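These features come from TrEMBL:
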type	residues	note
ACT_SITE	Asp243	active site, proton acceptor
BINDING	Asn10, Ile11, Asp12, Gly38, Lys39, Gly40, Leu41, Asn42, Glu136, Asp243	substrate binding site
BINDING	Asn179, Thr211, Leu212, Gly213, Lys214, Asp215, Gly216, Gly242, Asp243	ATP binding site
BINDING	Asp237, Thr239, Ala273, Arg276, Gly278, Ser282	K(+) binding site
DOMAIN	2-284	domain 'Carbohydrate kinase PfkB'
Amino acid sequence: MKVLNFGSLNIDYVYRVERFALPGETIPAINMERFSGGKGLNQSVALARAGIPVAHAGCVGSDGVFLIEELEKSGAETDKIQVLSSPSGHAIIQVDSKGENTILLYPGANHKITREQVDRTLEEYGEGDVLLLQNEVCEIAYIMEAAYRKGMQIFFNPSPMTEAISGYPLHLVSCFLVNGLEGASLAGTRGREAILAGIREKYPEAQIVLTLGKDGACYDDKRGRYFHQAFPVEAVDTTAAGDTFTGYFIAQLLCGSPPDTVLRCACAASALAVSRMGAAPSIPYKNEVEAFLSN
């Protein structure tokens, strides 16, 4: 079984602030740092650091070649990434004193993916292989349909949640990975149980993963529902928490771990990530997660 992540690659500019700026307000930043990021890159890094061979496909500008190096350093395959003359995608991120964040995203090269690139990339994938998608690249509907025709399992993280998602062939998705806001939008309702029930009613064949930040995470695999509490840690930066969870969740699932173990490991990895600054740099390696769980 092969794993392909057709995902975004972003340069993250992270500004540490005491609190978020209000409309019309100018506030000083405590400091600024540049990190590798993008939901796609982060999730590939998490998969690779969790021990799963993953190939990353997408587009990046010449200003973002260091993003490819970040993936390679973590062990992900990068030969399906195209380097273009247009600027890379980037994000302006505020992180407050509580570790919470707000993100302004510019897609850049992430929206330069072509159908020809999609077809060429999918040539070596087939029945039972895994495709991971987020909503930070273009041609999502085309990628889903092409992957489904090949018999691939489609894992979809609908983030950011935009109006375009309603036009995607979501009935083709094997597993939805959503946070509370994304889940509420997808289900058309709020509350943990209502969200799970709402998504299940709309997409009866899909597995559902619902992350709830400090309130833990849920998994509905059609046979049952499982819950794991979040591990108590001091949050420094929550930017890559969801992406870390996604990578480790999929990794454990593909290894055949039971649902409780899958959630426990993913929650532990996410806890480690929020205790560190940055997006990709905060994502732990498998041995770090194992050490955390053994304490």
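Heads up, the Cβ atoms here are built off N, Cα and C, so glycines get one too.
All features noted in TrEMBL, drawn onto the structure.
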| residue | record | DSSP (3 states) |
| --- | --- | --- |
| Asp12 | substrate binding site | strand |
| Leu41 | substrate binding site | helix |
| Glu136 | substrate binding site | coil |
| Lys214 | ATP binding site | helix |
| Asp237 | K(+) binding site | coil |
| Asp243 | active site, proton acceptor | helix |
| Ala273 | K(+) binding site | helix |
| Gly278 | K(+) binding site | coil |
Inset, instruction - Would you mind pulling the longest C-alpha to C-alpha span across Asn10, Ile11, Asp12, Gly38, Lys39, Gly40, Leu41, Asn42, Glu136, Asp243, which the record has binding substrate, in angstrom? - result: 15
Inset, instruction - Consider each pair of residues in Asn179, Thr211, Leu212, Gly213, Lys214, Asp215, Gly216, Gly242, Asp243, all listed by the record as binding ATP, and report the largest Cα separation in Å as a whole number. - result: 17
Legend entry - Residue among binding-site residues Asn179, Ala273, Ser282 with Cα closest to the Cα of Asn10 (substrate binding site): Ser282
Legend entry - Inter-residue C-alpha distance, Lys214 (ATP binding site) and Ala273 (K(+) binding site) (nearest angstrom): 13
Legend entry - Integer Cα-Cα distance in angstrom, Asp12 (substrate binding site) to Ser282 (K(+) binding site): 13
Inset, instruction - May I have the list of same-chain residues other than Asn10, Ile11, Asp12, Gly38, Lys39, Gly40, Leu41, Asn42, Glu136, Asp243 whose Cβ is within 8 Å of the Cβ centroid of the recorded substrate site, in sequence order? - result: Gly7, Ser8, Leu9, Ser36, Gly37, Gly89, Ala91, Ala279, Ala280
Legend entry - Of Leu41, Leu212, Ala273 (the binding-site residues), the residue whose Cβ has the fewest other Cβ atoms within 10 Å: Leu212
Inset, instruction - Tally every other Cβ atom lying within 10 Å of the Cβ atom of Ser282 (K(+) binding site). - result: 23
Legend entry - Under 8 Å by Cβ from Thr239 (K(+) binding site), same chain, sequence gap 6 or more: Asp12, Val14, Gly37, Ile93, Val95, Asn101, Ile103, Gly278, Ala279, Ser282
Inset, instruction - Out of Glu136, Asp237, Asp243, Ala273, point to the one nearest Leu212 (ATP binding site) in space (Cα versus Cα); all of them are recorded positions in the record. - result: Asp243
Inset, instruction - Measuring Cα to Cα, tell me the gap between Glu136 (substrate binding site) and Ala273 (K(+) binding site) in whole angstrom. - result: 21
Inset, instruction - Using Lys39 (substrate binding site) as the reference point, find which of the recorded positions Gly216, Asp237, Asp243, Arg276 has the shortest Cα-to-Cα distance to it. - result: Asp243
